[in-house]
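This report concerns only the one structure given below.
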């Protein structure tokens, strides 16, 4: 069949897609803080990088700030899922805020490893994107001794003060393949470097990228639901494009362009780890309106991981125990 003669037929859904355990936990922390203490609740940085999620929480009474000086004395403050530096933690405590830490436990694992190895005299090479809040939080665990590399070329430029005790850590939301390539370059220059006991890139990032690798060759176009600030969503689009599939990232269904689907039969659809399923369903509805007949979910890994909530948020304002489950935003369908 001529490409021009192709008509929209089928939507293939990546599995898994959308919310991960760390995002679900972070959103639920804000929701429960609002339930227990009432609005406003202050959140340093966007709780997760998704426009819809942030706007929904704003409507419930969350106020998102970057500077702690914008938070009134005695207020309740939540740290975002990306983590914060030691300096931010210390300042928040000094200002007397009631603090709930929504840092993803997998990011916290990296922070703990950095602190442990630093005491043993290690310097660090961090693979990540300059300016990303997770990178700033991890590098801010120490006053010095962490060298950021964004690509292979950066590996040749860094100048650790010693190489006998050197360890690698990575941003959790990177491209798995890119991180492996940079890690190999680090190992080639510093053969004795200590690599992570377990890969820092999180299970959800790995699973969503693996799903795109399976999905991309089977479709004519791939749509990623995610906000521009979402690192892991951007990596999904880049991965599909690298595999030779036309790929676009949209914040929501309103950003879809009819021209993208001309001459296309099969549409692949996935979502970054901070994008709620309601946005995926809206995109499906829009693509159906353009002519797609069926929707099929691909086989994939079922994620069952749940991260515990802070103890102070397992009860409501009256001291009644709250059920631990998915956030309200996760339940939206």
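Cβ coordinates are placed from backbone N, Cα and C, and glycine is handled just like the others.
It should be emphasised that the depicted structure is a prediction, and the values quoted were computed from it without experimental measurement.
Lifted from Swiss-Prot, the feature list:
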- 20, 104, 202: [4Fe-4S] cluster binding site (BINDING)
- 49, 82, 132, 172, 230, 231, 232, 274: (2E)-4-hydroxy-3-methylbut-2-enyl diphosphate binding site (BINDING)
- 49, 82, 132, 230, 231, 232, 274: isopentenyl diphosphate binding site (BINDING)
- 49, 82, 132, 230, 231, 232, 274: dimethylallyl diphosphate binding site (BINDING)
- 134: active site, proton donor (ACT_SITE)
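Structural mapping of features recorded in Swiss-Prot.
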residue : record                                                     : DSSP class
20      : [4Fe-4S] cluster binding site                              : coil
82      : (2E)-4-hydroxy-3-methylbut-2-enyl diphosphate binding site : coil
104     : [4Fe-4S] cluster binding site                              : coil
132     : (2E)-4-hydroxy-3-methylbut-2-enyl diphosphate binding site : coil
172     : (2E)-4-hydroxy-3-methylbut-2-enyl diphosphate binding site : coil
202     : [4Fe-4S] cluster binding site                              : coil
230     : (2E)-4-hydroxy-3-methylbut-2-enyl diphosphate binding site : coil
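For residue 49 ((2E)-4-hydroxy-3-methylbut-2-enyl diphosphate binding site), applying a Cβ distance below 8 Å and a minimum sequence separation of six or more within one chain yields 227, 229, 230, 231, 233, 274. The CA atom of residue 202 ([4Fe-4S] cluster binding site) is located 13 Å away from the CA atom of residue 134 (active site, proton donor).
For the dimethylallyl diphosphate site listed in the record, the two most distant Cα atoms among 49, 82, 132, 230, 231, 232, 274 lie 15 Å apart.
Ranked by Cβ neighbours within 10 A across all protein chains shown, the binding-site residues 172, 230, 232, 274 are led by 274.
Most buried of the binding-site residues 82, 132, judged by other Cβ atoms within 10 Å, is 82. Rounded to a whole number, the C-alpha distance linking residue 104 ([4Fe-4S] cluster binding site) with the residue listed as 'active site, proton donor' is 10 angstrom. Annotation for the residue listed as 'active site, proton donor': same-chain Cβ neighbours under 8 Å, separated by at least 6 residues, are 82, 83, 107, 128, 171, 172, 173, 231. On a Cα basis, residue 20 ([4Fe-4S] cluster binding site) lies 19 Å away from residue 132 ((2E)-4-hydroxy-3-methylbut-2-enyl diphosphate binding site). Shown in sequence order, 202, 203, 204, 273, 303, 305 are the residues of the chain, 6+ apart in sequence, with a C-beta less than 8 angstroms from the C-beta of residue 20 ([4Fe-4S] cluster binding site).
Under DSSP, residue 274 ((2E)-4-hydroxy-3-methylbut-2-enyl diphosphate binding site) is assigned to coil, being neither helix nor strand in the three-state scheme.
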